[in-house]
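S.K.: What follows is a single structure, and I will ask about it in a moment.
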């Protein structure tokens, strides 16, 4: 085993337990994890983990460069004190697994590298230990990763918190509320494919055990104008596309929808229905499953989808002008679907879309609408239906998340953790009413942030007994007052202009702003600006100098969006809806309420003030999300875009406030445990109080009085360079410590190994000696008994088997069988066999027979098909000629060849005449005439059905096997043979006399092909053959010194052949 000490960017010591499974332990000098300080040694490459430790903390360039270094190394999280800055990597970094959750669970904030889970765990532990409500505020630009951060936080709490006693239903509903809210509240924008188009604040309630038992969601400023209009390259809310793509055929048929989004006016304006990064079909399945988890009944789902479909049908309602220029509905089919889906009367809806009800002096009058007004009424209804449905949806989810134990006494012991996912500061080329509200929201949150940050800093200084140094910072209360002040604020002026009688327009609102607000250091219009500034301001614009910079707003649409008017008769129509959800969204009490509803800006202001109070009552934690580029590409760092976000998120102001006093503070125990190795007096162990040990340590390190302060429980270090110098000294010291640790470890390890080996050797020796002694004694005893039994058996070996000789006889038999196993015959020709004892003679013969059969069987199994055919032919030749023909022994060692003539040696005309008949064997022969016995060269061909005699390119004779009656050959060494044919066959001229140099091979193959093995006659003396019709010929055979074939004087063919073998 080896101990490997290595300094890596996270400051971890790696102990290698297994070569393929390193065990990582983040250790200080005596085992305390202080990862943040450890990472300082790699700061030149990966930057600092806390911006507070930047030397040039006032430099925006240094701030961004530190972000760049960390982003380049896939380190997307960095702290500004307790604030977490997150850069969206646009890819999965595999840092959110269960293993990562366990790594951050129950660990101090600075003991592990910056991570979302570190913030989540710190907040959760504070909630449990201090019993104080907590809040995590997540802000950033669209596409910066706010929604993803919220989901990861919920995932962390769902995985790591203890399960409630009544199961994990609340936990599942908290998680499953996200897909539903994303479907109805998120959309694809130019900056983000899953952009939240509303602000969300979620409370998660925990019981005294730390288990989630309930929740509540607040939504802010849904962008309902997106329902009726989208910019180029953007989409409507996800749910519309999910329904069309993933909805079942039966559902779409019931809703009167078709799958093509291009068929719906509200879905085509952005010209971006399909997005490669979005799988609407899969998201639909997730959303539908989530609805069932959060207690939606099938009827409620059906009613909800009917409303979604009704918005699409409403967008397809078209109008045409009659002769009085009044609008009339021309799309009857869409109107029919609308009345059914919304549960209203068709005539009532038609009238509400084309007329406006006016109440004057107690009388109700219907005023017809022109085309423009009708389109406005239609779009206003669509926005109202969708936005109110969204509000109902949030209420429904809240009912599902509400704790069932709210009435029990233990409910008082619950604590709340709030998650705020809110839009970041927005500055576009064209900024309107929505950006005004969003930026006002950010101003209020920035005001709260500065207030709570300064308060937290001041409380920590006071608790530690450190003198508080006033911090100079920009107080944006002046901007908040400019927007929200009663009577003189922008919202009040906007409301007044919306409510006053007469012809109010966006420009009259701007004129009133100029008259009321001027002069103001943070407000500017074309009229109030100087000559130079007027060039950048149109007459219909005003500019606010926010904490994050200047933003120019166009007043176009301010009054309309703030009023958010819905004609009375449209409200009446929707109040009569038979759709249960619509009936809840449009309460009939609205009709009897004569009070004018609050404007959108006022509603938002009141909601925001309520939110600020909620957040002020909690202990805050902050996550600032940054988008690295607009192209959503991984690894791309757009410095201009990031500088813009750093400015609008107020990160430099945040850092400046944090650095106004001391840059670094740490508990005495942690500081001493990390750096005590730098001082001989504190190393290796300090026996006194940690505070006294730190005092000794800093004196040894030479800290100047202005560089640090000693608090009650912490040391405060003013400058990062002081900490860097200390960390660099520790790095040098650590190298020597690592060497000493390795040396001590090796010595200890090898000594322990030696002692183990020594103890093992002594134990093994002792055991082995005993074992050998016992084995020796047992062997001697066994040997004596065996010898005694063998002698007794030998004496009685000829007696019948009895207990006295059974052992001996078994020994003899076993010995024979073992000897036989070693001396088995090696092949079929080996006839050796050991002599068996008398008792095994019969068994020996049986074994010998079995052995021979086995060898023969193995030999037969091993031969190839070609060799098998060769042996079969040789066996037939042996059966025919062995002991009968004198030259047979000379043919035995010669292999039979498949053919003696190649195809190229046979005339093509002969092959053509044979047709498809294959040639099985071909050999050159000599034919002797039947009369004069003149020899003539010929070719003998064997086919499957006949023997063919060929002369050059001509078939001279064909003898079918059926007409071949026999074959004659002499017993001498000559090579003549006669093929006998039927005399009755008129086609044949007579028997054929042939001579072949390979007579044994030729006759064997002919006999096999013609199936005439038993028809070969071996004659002695002479052979008689049919020479023609009514005439026979005779061949006489005699022995001589050499082969001679001639015609004798008696007219016979005389053959003299030498005798090769003695009989």
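Glycine residues also receive a Cβ, built from the backbone N, Cα and C atoms like all the rest.
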S.K.: Among the residues 486, 561, 571, 1047, which does Swiss-Prot list with the feature N6-acetyllysine?
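M.R.: Matching 486, 561, 571, 1047 against Swiss-Prot annotations yields 486.
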S.K.: Using Swiss-Prot as the reference, determine which range in 608-630, 631-653, 654-676, 677-699 is annotated region 'Actin-binding'.
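M.R.: Of 608-630, 631-653, 654-676, 677-699, Swiss-Prot gives region 'Actin-binding' for 608-630.
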S.K.: If H, G and I count as helix, E and B as strand, and all else as coil, what does DSSP give for residue 192 (ATP binding site)?
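M.R.: In three-state terms, residue 192 (ATP binding site) counts as coil.
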S.K.: Of all the binding-site residues here, 140, 143, which one's CB has the most other CB atoms within 10 A?
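M.R.: Result for the most crowded candidate: 140.
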S.K.: Around residue 88 (ATP binding site), which residues of its chain at least 6 apart sit with Cβ under 8 Å of its Cβ?
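M.R.: The answer is 76, 143, 144, 145, 148, 625, 626, 627, 628.
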S.K.: Give me the count of other Cβ atoms within 10 A of the Cβ belonging to residue 864 (phosphoserine).
M.R.: 8
S.K.: Pick the one among the recorded positions 192, 195, 536, 1041 whose Cβ has the fewest other Cβ atoms within 10 Å in this structure.
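M.R.: Looking at the recorded positions 192, 195, 536, 1041, the Cβ with the fewest others within 10 Å is that of 1041.
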S.K.: Compute the C-alpha separation of residue 146 (ATP binding site) from residue 486 (N6-acetyllysine), stating it in Å without decimals.
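M.R.: Residue 146 (ATP binding site) and residue 486 (N6-acetyllysine) have their Cα atoms 33 Å apart.
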S.K.: What are the DSSP helix, strand and coil residue counts for the domain 'IQ 2' (758-786)?
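M.R.: DSSP composition of the domain 'IQ 2' (758-786): 29 helix, 0 strand, 0 coil.
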S.K.: Of all the recorded positions given, 146, 486, which residue's CB has the most CB neighbours within 10 A?
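M.R.: Of the recorded positions 146, 486, the highest Cβ count within 10 Å belongs to 146.
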S.K.: Roughly how many Å separate the Cα of residue 140 (ATP binding site) from that of residue 1041 (phosphoserine), to the nearest whole number?
M.R.: 122
